[in-house]
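Student: What follows is a structure written as structure tokens; I'll ask about it next.
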């Protein structure tokens, strides 16, 4: 799902940086208010697992990839600001150290995967747990989270050739339109969402049995 460098034009990634940095600063303030010696160990473990999960990716047509993220369980356990900041840091480290993603594409990846993924997982779980079992709510929050992120990435990539082309209409950056980006990303992520959901529900069940979550 990571967008590599060279796919996104400045007209998109510069405003995205402004929004993303603003949200990260706000998120850091939220974390400072709530981080303590009780939350740090589990947050570190779940963040490390997320790093590993996002490092195991498979290429899809168009130059991006499919992978699970571990975003949902972080958001359910600690809230979406913790999840957003933690997984954004992971995305940045992966871009800098391993070339997974990119610097110009970082704000898009951060907003789509970390922010929207975290927020959607948190809201999905909070709403559904009033009607469904917590494990089922966890599963669905994981599925919704990763598929919403994939959809946003697909929409942004498909927008690129519409707004960034030469006078002859030839794309200057990413060349494929929505009729390619949406199925190319959504079909594999429908399946990846099942794995994400199972991971989220399984880890939640373990954490709850150990008394680490109380939501």
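Placement of Cβ uses the backbone N, Cα and C atoms for every residue, glycine included.
A TrEMBL annotation is a machine prediction, not a hand-curated record.
Below are the features listed in TrEMBL for this protein:
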type	residues	note
TRANSMEM	7-28	transmembrane segment
TRANSMEM	40-61	transmembrane segment
TRANSMEM	73-97	transmembrane segment
TRANSMEM	103-125	transmembrane segment
TRANSMEM	137-160	transmembrane segment
TRANSMEM	180-201	transmembrane segment
Student: Between the transmembrane segment (180-201) and the transmembrane segment (40-61), do 3 or more CB pairs sit under 8 angstroms, pairs being 6 or more residues apart?
Tutor: yes
Student: With Cβ distances under 8 Å as the criterion, find the stretch in 7-28, 73-97, 103-125 that has the most pairs with the transmembrane segment (137-160).
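Tutor: The stretch with the most close Cβ contacts to the transmembrane segment (137-160) is 103-125.
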